[in-house]
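Chemist: Here it is: the structure, laid out below.
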């Protein structure tokens, strides 16, 4: 009994260390997004209009969208992806025109795709049963925190040195994690997608390889069809798309809109400070509240709908305010409520599908919210602003879309939902355990057979 307890404690701290690594990688990804959105001098160097400015903010999504559905091979792929991210951010610092930096931004997206469908299922597998949403909230807290730090970091480096140094600093910071991806012990997720990567050696060669690829592709398309007919999943993702359309545009255009409407000389620092405080508090609060009221899919939808509606109302009121201090107070409350959705929305994505489909569920959710959400939102807001030439009006139109997201998630409350976390991954196979029995960062795991 004492030996089992010591093993449990050892594994718990191993998983905590890996959670910290995931959080740091996620944080650096979003610092980069905040940096590109900060009010630095690179826009003037390239003489961009609002539309080109918005396209540049979304360019990194191209790499993410192409790579995310294929990111099922754990840490080695993370090492490759983060190496590409490191080189691409360094390339941004050496760019000389709009197209050169746009191409580099596209390759930046590959880095995020390399671990995005691995992190959330791992956290959900290994978090204590009563704190799953809280652990997810810690991971997704890095989104607003990273963007806010990027605002401040990009603004300070750009003003005191040169905007190119900001990208070079990001590249150096990510390099240790890229190296870690190649040297860390392989992660064993109990998912169908990993069985192809750890199967015993066979004598078949080309035929066996073709058969394996064919089987994997057939499985992929079957699971994709299952996702598309899952009403709970589709409702959650559609609401998330509308939400991300607004938040993505906020994160990019926020400092510029604040500078124009309220003549903020330190718009990067102001928006960065609001976002980092409200992002941390809101994201953690959303996760802890859902755990407190009992983590169910129905309760998650209630929290999503209510928090988003109230957050939209406060943000709408903020942009109506003529006074800077009134704007700061209302917008802070609005962001606090809006960021409370991060844990619950990803909880639904993970628990409304069977365990073997969770990596695909997270990958397709990410692809959808980007390709229909923040990828088009920044350029479209730029086009709208070029047309109306009024940042207050543009911001109010954008904020109203949050009410649509709230309505979509409200519908989810009334859908028949089943938590499928403990459902059998395959017919006749045992349910997925709530903890990983093998160390990830310690001694070598015992392999049942030598992998190919």
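The backbone N, Cα and C atoms fix where each Cβ goes, glycine too.
Since this is a predicted model, take the numbers as computed values, not measurements.
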Chemist: Tell me which of 116-134, 135-153, 192-210 corresponds to the transmembrane segment entry in TrEMBL.
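Modeler: Residues 135-153 are the ones TrEMBL records as transmembrane segment.
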Chemist: Looking at 165-184, 425-444, which one does TrEMBL call transmembrane segment?
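Modeler: Of the candidate stretches, TrEMBL labels 165-184 as transmembrane segment.
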Chemist: Between 40-62, 362-384, which stretch does TrEMBL give the note transmembrane segment?
Modeler: 362-384
Chemist: Answer with yes or no whether the transmembrane segment (165-184) touches the transmembrane segment (273-293) by the criterion of at least three Cβ pairs under 8 A, sequence separation 6 or more.
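Modeler: In this chain the transmembrane segment (273-293) does not contact the transmembrane segment (165-184) - fewer than 3 Cβ pairs sit under 8 Å.
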Chemist: Mind checking which residues of the chain, 6+ beyond the ends of the transmembrane segment (232-253), have their Cβ under 8 Å from one of its Cβ atoms?
Modeler: 33-34, 36-37, 54, 57, 147, 275, 297, 301, 304, 308, 338, 341, 345, 348-349, 352-353, 361, 364-365, 368-370, 372-378, 381-382, 385, 398-399, 401-402, 404-406, 408-409, 411-412, 415, 417
Chemist: Below 8 angstroms Cβ to Cβ, which residues of this chain, lying six or more residues outside the transmembrane segment (135-153), approach it?
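Modeler: Contacts of the transmembrane segment (135-153) (Cβ under 8 Å, skipping residues fewer than 6 from its ends): 19, 22-23, 26-38, 119-120, 123-124, 127-128, 166, 169, 251, 255, 268-269, 271-276, 278-280, 282-284, 286-288, 335, 339, 342-343, 346-347, 350.
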Chemist: Top stretch among 165-184, 362-384, 396-415 for CB pairs under 8 A with the transmembrane segment (77-96)?
Modeler: 165-184
Chemist: What mean pLDDT does the predicted model reach across the domain 'Major facilitator superfamily (MFS) profile' (1-418)?
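Modeler: Over the domain 'Major facilitator superfamily (MFS) profile' (1-418), the predicted model scores a mean pLDDT of 78.
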